[in-house]
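Notes follow the structure.
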Amino acid sequence: MKIDANKEKALSAVLGQIEKQFGKGSIMKLGENRSMDVETISTGSLSLDVALGAGGLPLGRIVEIYGPESSGKTTLTLEVIAAAQREGKVCAFIDAEHALDPIYAQKLGVDIDNLLCSQPDTGEQALEICDALTRSGAVDVIIVDSVAALTPKAEIEGEIGDSHMGLAARMMSQAMRKLAGNLKQSNTLLIFINQIRMKIGVMFGNPETTTGGNALKFYASVRLDIRRTGAIKDREEVIGNETRVKVVKNKIAAPFKQAEFQILYGEGINRTGELVDLGVMHKLIEKSGAWYSYKGDKIGQGRANAGKYLVENPEIGAEIDQALRAMLLGGGQAVAQSATGDENVDLETGEVF
């Protein structure tokens, strides 16, 4: 595109003036000297990484994970921390609920000796700690568990029964304005865990909403709705949950996709089970009757035994994982089906009804 010579001269002058006043890089052409690829961190689930479209959660952005109680919200964030630590990244956990179990975190692969943890007294304190860690540029991933537990100072100092209308929403709105720019500059991923509440008097549509006002919905680049869809049983004993995650908002790739995986108690996401299922779906693993084979070699009779084989032979599991990522993320092929066809979507917030 050719620009008029006078306009080009005026543009050059104003750009020089802006850079002189605010520093180099304060304004630039979008395609100039910058990577268009978004750096991501794996969620610990291959199918969710694929559903997100970019291979994981984006650094430098705000992410919201919400769902009912015991749906796997904290487990998913601990899996993200474990994946980030394996890449040598520094992580922090702001435990506003005062409920983090370090033994469980360790079982999921989290290096608790190098995990920063804070249990703030008030919501303002939690968000100030977030801001300080972000501005330091030394922390790569920050988890806040949860928005519902970020209690304003005025509410803590007041009495039970006092009215504090909109205090938490105002606090979150101010924090979002302050944090968004700092997160981008320091390339820090900030994940908020949120709880679900019911709107009173809703006759039509979805009565569910999240706590903390609307600011987080708008500032979040990715919003994940996590639900437990069933139980995994070993004979009579329940050993885990069937889990479904919907990507209800996504600013880095196509939204409204969903992923299904298993969360095993005391172990976390069942990665080998995912590899077997996706491997069969995309013809990397052959299934003949109950037997599973990889490159002509039998790896197990039944899904559980095939998964056990991949646990015992991690190099083969890693090979299948890399092949699936190259196929599904490199080629842009999505494993998860779009949810837009059979569900209503709130275009303002990206929520699926």
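The backbone N, Cα and C atoms fix where each Cβ goes, glycine too.
Per Swiss-Prot, the features are as follows:
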BINDING   Gly67, Pro68, Glu69, Ser70, Ser71, Gly72, Lys73, Thr74  ATP binding site
Item to complete: Mind telling me which of the binding-site residues Gly67, Pro68 has the densest Cβ neighbourhood, counting other Cβ atoms within 10 Å?
Response: Gly67
Worksheet, complete the sentence: Cβ-Cβ distance under 8 Å, sequence separation of 6 or more, same chain as Ser70 (ATP binding site); the residues meeting this, in order, are Arg228
Fill in: Residues within 8 Å of the Gly67, Pro68, Glu69, Ser70, Ser71, Gly72, Lys73, Thr74 Cβ centre (excluding the ATP site residues themselves)
Ile226, Arg228
